[in-house]
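Residues annotated as domain 'Cytochrome b561' in TrEMBL: 24-228. According to TrEMBL, the feature transmembrane segment maps to 28-48, 54-77, 97-117, 129-154, 166-189, 201-227.
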Amino acid sequence: MPSDVEYSPVGDGLGMRDFWLYVWLRRAALIAAHIVGLGLTLIISVLSRPGTSLFSWHPLCMSVAYCLCMTEGILLFSAEGTIFCFKSRKNKVRFHWLCQALVLIAAAVGLGFILASKTVSELPHLVSWHSLLGFSTLTASLLQAACGICVIFHKQLRLSPSPARLKLYHATCGLVVYLLATVTVILAMFSDWFQATVKGIGWWVFAMLPLSPAMVVMNQITNAYLLRNKMSS
């Protein structure tokens with residue numbers, strides 16, 4: 001009986017080639033996210049010239065917290081692999097906790113420096129979109145840490161939600177925090193300090209760079225938790 005579908009004798013080969021191309025692109029995007037996260041931290045550290053003023057420590061601490069530590073703490077669980085030599089999930093979880101603890105410490109120090117800088121300069125607080133989003137990011141970071149504590153100490157705290165549900169909450173909160181941090185970093189590039197330091201086409205390049213790791217992180221979390229939970233429900 002004739003079929004209405006035409007089959008290609010090389011169809012399987014093309015499918016396999018497309019699959020490996022997809023895997024290669026995902027791995028390339030992951031490597032790019034690592035490079036951008038580290039690169040942004042190093043460049044902002046150089047541009048801020050830490051030690052020249054109280055303010056100079058603020059961009060350094062915040063870039064270390066969110067561009068480096070949070071990015072690496074999330075990408076650690078990527079299905080495409082990691083740059084770290086961790087094979088067991090237990091070690092990955094421990095390093096994830098270390099990265100997130102460094103996020104909170106570095107962010108708290110950065111917050112302290114910007115508060116001190118504005119107080120000394122007698123400038124008002126929370127008057128720009130960058131500062132408002134930054135405050136929201138710090139608040140969400142604390143909520144994310146609380147969700148993580150609930151995941152680890154679920155039995156000790158005797159919580160009613162299941163560990164799987166708590167992991168979903170933790171992952172969702174982590175995604176929100178990272179997207180807020182990305183927008184906050186981009187808004188920082190509209191500040192007088194950054195625009196006076198970086199100009200022309202270089203400014204546009206820097207403004208687009210945070211989107212690269214953000215897309216990788218968003219894809220990783222949605223595939224690992226949100227979409228999988230939706231399919232199982």
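Please read every residue number as a count from 1 along the shown chain.
Note that Cβ sites are derived from N, Cα and C of the backbone, with glycine treated the same way.
Not measured: the values here are computed from a predicted model.
Each of 54-77, 129-154, 166-189, 201-227 was scored by its Cβ pairs under 8 Å to the transmembrane segment (97-117), and the highest score goes to 54-77. Non-local neighbours of the transmembrane segment (201-227) in the same chain are 29-30, 32-34, 36-37, 39-40, 43, 67, 71, 74-75, 77-79, 167-168, 171-172, 174-175, 178-179, 182, 185-186, 189, 194-195; each lies 6+ residues outside the stretch with a CB under 8 Å from one of its CB atoms.
Away from its own ends, the transmembrane segment (166-189) comes close to residues 40, 59, 62-63, 66-67, 70-71, 74, 128-130, 133-134, 136-137, 140-141, 143-144, 147-148, 150-151, 154, 159, 195, 198, 203, 206-207, 210-211, 213-214, 217-218, 221-222, 224-226, 229 of its chain (Cβ-Cβ under 8 Å, at least six residues beyond either end). Residues 56-60, 63-64, 67-68, 71-72, 75, 78, 80-81, 83, 185, 194, 197-198, 206, 209-210, 212-213, 215-217 of the same chain sit 6 or more residues outside the transmembrane segment (28-48) yet have a Cβ under 8 Å from a Cβ within it.
For the transmembrane segment (54-77), the list of distant contacts is 30, 33-34, 37-38, 40-41, 44-45, 47-48, 84, 86, 92, 95-96, 98-100, 102-107, 109-110, 113-114, 116-117, 120, 134, 137, 174, 177-178, 181, 184-185, 188, 193, 210, 213, 216-217, 220-221, 224: same-chain residues at least six beyond its ends, Cβ to Cβ under 8 Å.
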